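As recorded in Swiss-Prot:
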- ASP8: active site (ACT_SITE)
- GLU67: active site (ACT_SITE)
- ASP139: active site (ACT_SITE)
- ASP8, ASP139: Mg(2+) 1 binding site (BINDING)
- GLU67: Mg(2+) 2 binding site (BINDING)
Amino acid sequence: MSIILGVDPGSRITGYGVIQCIGRHQTYLGSGCIRTASDDLPYRLKQIFDGVSEIIRQYQPDEFAIERVFMAKNADSALKLGQARGAAIVAATNADLPVAEYSATQIKSAVVGTGKAQKSQVQHMVQQILKLPAAPQADAADALGVAICHFHTSQSLIALGGRANARTYGRYR
């Protein structure tokens, strides 16, 4: 049994999703968003760090997965996103959690079956996979998608008999 915390970082809204994995089955434990105030960036980064730290204390995950930074057209946005990721990753490493990262394409492929899926498709498939009564909010659905992607990737590595190592899917430790 393992508990996975997935995070979809953002400087304004950071989504999180927590699933429990037993064998090949995934169970929804919780999800939501860390909404930062419209203060200066350093304060927003602290809110992300504190929020992720609290979620870790609450759910006691065994593993942490986060979406990789994509190259945005706006360099300032990409830098802020990278800093938000950093705040979340530091919270995970402070709790001695292994950290894995996945691209948006990997996440969409794992959840929907195509790397070019729309947000609404990710929301729908997360709802179906986790048997939720309603589709989660977009940022929370993306974070749950990160956790689901990590679970599927981990299962694939186990099926390979350990031939692939953790670096294959961007794990830090």
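Each Cβ is built from the backbone N, Cα and C atoms, and glycine gets one as well.
What you see is a predicted model, and the numbers here were worked out from it, not measured in a lab.
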Please classify the secondary structure at ASP139 (active site) using three-state DSSP. helix
Please report the number of other Cβ atoms within 10 Å of the Cβ of GLU67 (active site). 25
CB contacts for ASP139 (active site) [other CB atoms within 10 A, all chains]: 24
